[in-house]
Amino acid sequence: MLFSYPTAAVVLQIASLASAVELSAGLRASEQKVVPGAYIVTFDASLPSADEFYRNLTANGILATPRQTFDPAVFAGTSFKLHDVNSTHLDTIGSFAQVTSISPVTLHDRVTPVGEKAHVAKLGNAGAATLKGRASASPPAHSGTQTSHVMTGVDRLHAEGLDGTGMIIAMVDSGVDYTLAALGGGFGPGFKVARGHDFVGDYDANGNPAPDSDPMDCAGHGTHVAGIIGASNDPYVLGVAPNATLYSYKVFGCEASGGADDILISAFIMAHKDGADVITCSIGGDSPWPESPLSSAVAAVVARGTPCIFATGNSGEAGMFLTSAAAAGTGVTAVGSVDNTNTPSADVIFRYTTGGDATIEVPYNLEAGNFSGINLPVVANSLDSTVVSDACDPITKDLSGSIALIRRGICDFDVKIENALAAGAKYVLIYNNEPGEYDPYISDENVLGAAMISGVAGQELVKQLSAGHKIHADFGRHPLRKIITPGPANTLSGNAMSYFSSYGLSAENFVKPVISAPGGSILSTYLTTQGSYAVLSGTSMATPFVAGVVALYKQAKGKAISPKAINSALAATARPLHFNDRTKNSTSLASVAQQGSGLIDAYHFIHGSIVLSEPNLAFNDTANFVSSPSFYVENSGKKPQTYIITHAPAVNSYAFNASFGTPNNHVVAPDPEIDEKYSSVVISPSTLTLAPGAKKRISISVTPNASLNSTRVPVYSGFIKVTAADGEVASLPYAGVAAKMIDIPTLNPDYNTYDNSLADSVIPYSGPGKTPSGFIDFYNVSNYSYAQYTWANIMASRSIRLDIVSLNGTNPVIAAGLATVGSAVGFPFPWQGRQPSGYVFTTDFAGYMGDNASPLPSGVYKMVLRILKIFADPAKGSSYESSESPPFYLDMTNAP
């Protein structure tokens, strides 16, 4: 029986559950959160009855509210919320004969696209209700070819008549705005979006789910995904499978956070039972464990024949081993992102006329209020476009009845807004002082409209005003988006891995991602209320692209083909990519931990004749090294073929810096450190001839370069290339870790602190655990003071423990070799991914046992943090890296 939470321990109340806190900006990793008091239990296959489980709860006096009950034919188990969380209840539940595991209900974020900003949501006000694209009400069919389709051969498949007809693609996401003509204009039988369910309603992460049958999107993410898959009859967007039928399962509300894993499990099971041919999902949470409840449930759906496509994540700037939750699942198709060869745009614009009567269109980002119907003169506070303190001091001009034009500068944006308002303006345009976009935070609620424009656009406005021209900015009664596609060529990173695409491997060194696809700068459909189009970037965009291609594959090959065969064919036919440092391509191949098998080649995927039996080879670490894995090469062509099998090495990527131990300098980020100390590979046989339908087993032996520094955790990788005499090529990616994972440090030394800032005083102490100074911190809990511990795990861990030890009382619970009073509520913390630099967990301990239990006795305690090492036995104390607080005294006499 697997217990992710303690089942033989006293669970202690804490002031708040452990939560991840971002200390510095710039990282895109998602924290792992839990629903307080909510758990998932899985059942033995021979005892799958949820009714029996709840009868047992009642018989044992345990009050619980059911949340989700899963179909035992797919994944036997249920989720519930306890009315009172304490160790006795958890111990009792763990003793039920049918229960095989207990885990907390975890909250996941959807993978937030890199281009999705706060101002997009702000368009959902009164002005945005009329926002629309330039397309007419009945737009013409797509008139060109999308660069993402050309990159991957999808355009060639469309030319052959493959369009997804007869395929059902299920989207587990934020719903879909099915009112868009490109997405069918309706919902239900006969429409493109033919079926679905709303599991959550329009709630945010702090609300309660309000399920219904209508999966209308209020976030935009799912609508963008739907367009990538199936848009049709639109002048700007064409889906990969434009004639496929879409099913939508809404698991996120109007915000990016709050997708509970038990709801996600129910959505996947429903999509599978509804007959989906492929399921796509983009969720966050850097939990690269295949055994977590969500990963296990999705793997169960895959095992029953439905391919599940998952985003690897957008944490590429945060280092390695950061595969998103469920993407690590067995058989799941994890997807990385490749930058588009071109950069389309879908900007909201206003217009003005110059002195020469030319009409200029200016893209803007709405930051506050709205500009609907506004047509007012523009007045620059300063005609010097280089001034650094524009509007930082009170404005002497009368700006009444005008739009104030102000340069971004050295003072706060709200200061500029307040000074403009004091001068009579109600609307403000701020132009940037550097290239590119900027998304400021404006809190002033008195401004009717505030927007950001580029520095170039602002300088041109100042130039026109300086020449004496009168300029009126016309935002239009019905604001428009200006769609530019395909857009300028991306000469820096087009056709290369996106910088944000998360690196694998999984926590147990399985090869993730499996495949990569276009995800950087993707134009697709968006909410009608927010302009109908958007350009977003992320593995969220690459994932539905792969789902669409898989649908085309099943249309061509038949629905019965297995998910493993699909993954193997995807990998074999992908195009390995060269490493890109954001400015240029290297001559060396990018790590398999970054790209998986490479860029999807949809045409070769369907038309290739070289069949490889495996999607990749995982050599694991040096302690669990797979010495001689093998795979089969099969000739599915119509004539005999001779093959030559060779090795194409990829760069080594390092997880840790050479200066590990130096504060704030442990993990290699934001860009990976690489070298070309390639592994040696022996292939047997290296040549073979196969008749049509014949196959041959190939053995591989890899020896990592002896000069690799194991303390830095290098990931080595490459490709086994199978080249046919007729020129066809298939590739098999491999990867391994040239280090012992069990020896890798797990605790980040930068964030391992006991915080006594809430202590009432210090008192003399000479008992067990006496400090060198002879004093310890004193907490009077009646004053709401409590001890606090902050930490970050630098590598993934199956279990993080925070145990409480009494130093002058009894410790009746033996937890992983340590005598304790028990574990803090929320611990052990299971299936945790590596925390990127700048993220920490903080736990407060106030001396209470359970939600409604009596306080612990007054006395001296310490907190012991222990992080389970990868591949280590959780029952042994030596399997953990540990740290502990100094002794402290809790006075519980008048505890509330």
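For all residues, glycine too, the Cβ spot is worked out from N, Cα and C.
The active site, charge relay system annotation in TrEMBL covers D173, H221, S540. According to TrEMBL, the domain 'Peptidase S8/S53' annotation covers 164-584. The feature domain 'PA' is assigned by TrEMBL to 387-461. Feature annotation from TrEMBL assigns domain 'C5a peptidase/Subtilisin-like protease SBT2-like Fn3-like' to 618-734. Residues or ranges marked as signal peptide in TrEMBL: 1-20.
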Please list, in sequence order, the residues in the chain of S540 (active site, charge relay system) that are at least six apart in sequence and whose C-beta is under 8 Å away from its C-beta. R110, V111, T112, P113, H221, H224, V225, S282, A311, N314, G519
Cβ neighbour count (within 10 Å, all chains shown) around H221 (active site, charge relay system): 28
Can you count the other CB atoms that lie within 10 A of the CB of D173 (active site, charge relay system)? 30
Helix, strand and coil counts within the domain 'PA' (387-461) (DSSP): 17 helix, 15 strand, 43 coil
Per DSSP, how many helix, strand and coil residues does the domain 'C5a peptidase/Subtilisin-like protease SBT2-like Fn3-like' (618-734) have? 3 helix, 60 strand, 54 coil
If I take every residue in the domain 'PA' (387-461) and average their pLDDT values, what number comes out? 93
